[in-house]
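Scroll down for the structure; my scribbles are underneath it.
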């Protein structure tokens, strides 16, 4: 017997279906469900009197014969490849299948088998994204990691040794000793971690030593001297050992101009940090490098998006982070040379057209580690308000724009650093690093974070309450944060050479270590939905930025969404 249900009631029961639209947080961004993999009338849902019961939606199939460990039911997936409604099956800590869950004995077209060994996470009315990847971490304090996890970040790549003066300014873990100790410290944390060695050496032997010790990449930073010579030697080593090079270029143009840096890079793949320049880089025109096909350009979140407060807060941040002295005029001039309203405004638009590909934090070194996702979608909102729908979108939804922006914090940083085989998207076979959001809190506060197939973080009420929901409700660590579960649910990224040299055993590591790969043969065209290559020019007098001859300019935003109303404490 069939039963007809109206769309509103259906959405309230099973979540939105194809054609339904959802607002993201309090932004002007609207997404529309493109496809529904579930079957009307055959949906699975857990609860008293619901479907997932023995002989109904739950089959007799054992885990050994194919039942999954966990099913996330009726979730609205937002990923670079689509915005779809589906069940998601997890097994052995990985994404097993995306599609339709249930009991194949009584239901058709089941590709995710629910058995008595299957746990259920209710995804109805929730958005599911891949865990975000932050590739610009200054490992200044370990407390960053919990803050990042609480925001939906599950992978952190960067450098540092703690609150050392060098780490406060640069994302480098210099030398084999420090790399070893940081890799060992990663055993304590419930996220995926990887560490960059210091790339500033014209002696390649020093660089080989660091990558062989376990560095998953190398970082060139102007505070250590980013000269044409160090750029060349660093890229030579990276090409030999297949690791990524990240670069913070020469703000003062002491060793050359942006053209000299481009010449030293010589067409080799490189990840440029804070490519606009406020975070550092050739003044005033480092931004033009985003038009090079071998350059993987990223932003850091202090300039995301351009608001009325952006310029004012930057000077003090710069002075602290780069060990400058406000009593020295040259230090003030150095800081002021990096802060340009014209290039920051252009950065918004370059993100919106897909010319800038990645957004990261620059944690505690001008950036805020817990705001990567928030700042990304604040930028998307600002561009929607100021520029209207993208050509690929319509007045009905912002699907393409949302997919473009989610790519900047998930799949694109994964591709850039050679870890997309493992993380970065919701795709079969990848590690089950997933984030579940209430739409009203999207990009601000996750409802639940799954790490390696186990729940690692969740909104949770009073532990002494009779049910989970009484206040105070806030994000808290869950069981995958502890003991052996932590060690089995998260991973450490190393160079391929380090794994071949048996570094995990030499350092007595218990976490599984994964090798980065395919970092040298990629280019910007490999990045998803963010691979435009405009010809960028910068007026040296006015700092105005032009893309293919068109002036890129926008006004600062007076008020941003996803902000104070979500953070009352």
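Heads up, the Cβ atoms here are built off N, Cα and C, so glycines get one too.
Some features that Swiss-Prot has for this protein:
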- 131-569: domain 'Urease' (DOMAIN)
- 136, 138, 219, 362: Ni(2+) 1 binding site (BINDING)
- 219, 248, 274: Ni(2+) 2 binding site (BINDING)
- 219: N6-carboxylysine (MOD_RES)
- 221: substrate binding site (BINDING)
- 322: active site, proton donor (ACT_SITE)
Ni(2+) 1 site shell beyond 136, 138, 219, 362, criterion: Cβ within 8 Å of Cβ centroid: 137, 158, 159, 170, 171, 246, 248, 273, 300, 360, 361, 363, 365, 367
Close binding-site residues near residue 274 (Ni(2+) 2 binding site), where close means Cα within 10 Å, chosen from 138, 219, 221, 362: 362
Residue 248 (Ni(2+) 2 binding site) sits from residue 362 (Ni(2+) 1 binding site) (Cα to Cα, rounded, in Å) at a distance of 12
According to DSSP, does residue 138 (Ni(2+) 1 binding site) fall in a helix, a strand, or coil? strand
Please work out the mean pLDDT for the residues of the domain 'Urease' (131-569). 96
Cβ-based neighbourhood (8 Å from the centroid) of the Ni(2+) 2 site, residues 219, 248, 274 excluded: 136, 170, 171, 220, 221, 222, 246, 247, 249, 272, 273, 279, 280, 281
Which whole-number value in Å describes the distance between the Cα atoms of residue 219 (Ni(2+) 1 binding site) and residue 248 (Ni(2+) 2 binding site)? 8
Close in space but at least six residues away in sequence, with Cβ under 8 Å from that of residue 248 (Ni(2+) 2 binding site), the same-chain residues are 170, 219, 220, 221, 222, 223, 226, 273, 274, 279, 280, 281
Three states by DSSP: which one describes residue 248 (Ni(2+) 2 binding site)? strand
With an 8 Å cut-off on Cβ-Cβ distance and a minimum sequence separation of at least 6, pull the same-chain contacts of residue 138 (Ni(2+) 1 binding site), or say none. 158, 159, 160, 167, 168, 170, 171, 362, 363, 364, 365
Does DSSP put residue 219 (Ni(2+) 1 binding site) in a helix, in a strand, or in coil? strand
How many other Cβ atoms are found within 10 Å of the Cβ atom of residue 362 (Ni(2+) 1 binding site), counting all protein chains shown? 29
Whose Cβ, among the binding-site residues 136, 221, has more other Cβ atoms within 10 Å than any of the rest? 136
These are the binding-site residues: 219, 274. Which one scores highest on other Cβ atoms within 10 Å? 219
